[in-house]
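**Student:** This is the feature table in Swiss-Prot:
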{"type": "BINDING", "residues": "His124, Tyr128", "note": "heme binding site"}
{"type": "TOPO_DOM", "residues": "1-8", "note": "topological domain 'Cytoplasmic'"}
{"type": "TOPO_DOM", "residues": "30-143", "note": "topological domain 'Periplasmic'"}
{"type": "TRANSMEM", "residues": "9-29", "note": "transmembrane segment"}
Amino acid sequence: MTPVRRRKLFILLFALSVLSAAAALVLYALRQNISLFYTPTQIVAGEAPAKHHIRVGGMVEANSIVRAKKGLDVQFKITDFENTIVVTYSGILPDLFREGQGIVAEGEVTDNHHFHAIQVLAKHDANYMPPQVKSALADKVKQ
């Protein structure tokens, strides 16, 4: 092998090792900060890791919202129409949060049927209209 070829091979191997190290560091950082999404059925089946930051999504079950008499604690059930889990949350819920509404909760699984949320996000459809706009449009239609 000529010295020129040896030098090119050395540069190529060095570049590949630096690129591999950078990719490994990026993947390690993503693994630490990634928040995976699970359904209530997956949580009940034990597929979600316990004591690990995840997201769970589903519909708020009817007649399941229980608010504490004092404080901001709330407990409710979410379902994917196969299984149901109990979610506990301490904080102010979004304005769109209600029974029958789709939500995404971020937090940790405490056991196969309980989830402790640190953040609750209410999902809405693309046809959502604020109540003020809806009433204004209804008034215009009546005229």
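Positions of Cβ are set from backbone N, Cα and C atoms, glycine also.
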**Student:** Please work out the number of neighbouring Cβ atoms within 10 Å of the Cβ of His124 (heme binding site), leaving out its own Cβ.
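**Tutor:** Step by step: centre on the Cβ of His124 (heme binding site), count other Cβ atoms within 10 Å, giving 11.
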**Student:** What does the DSSP secondary structure composition of the topological domain 'Periplasmic' (30-143) look like, as residue counts for helix, strand and coil?
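**Tutor:** Each residue of the topological domain 'Periplasmic' (30-143) counted once, the result is 21 helix, 46 strand, 47 coil.
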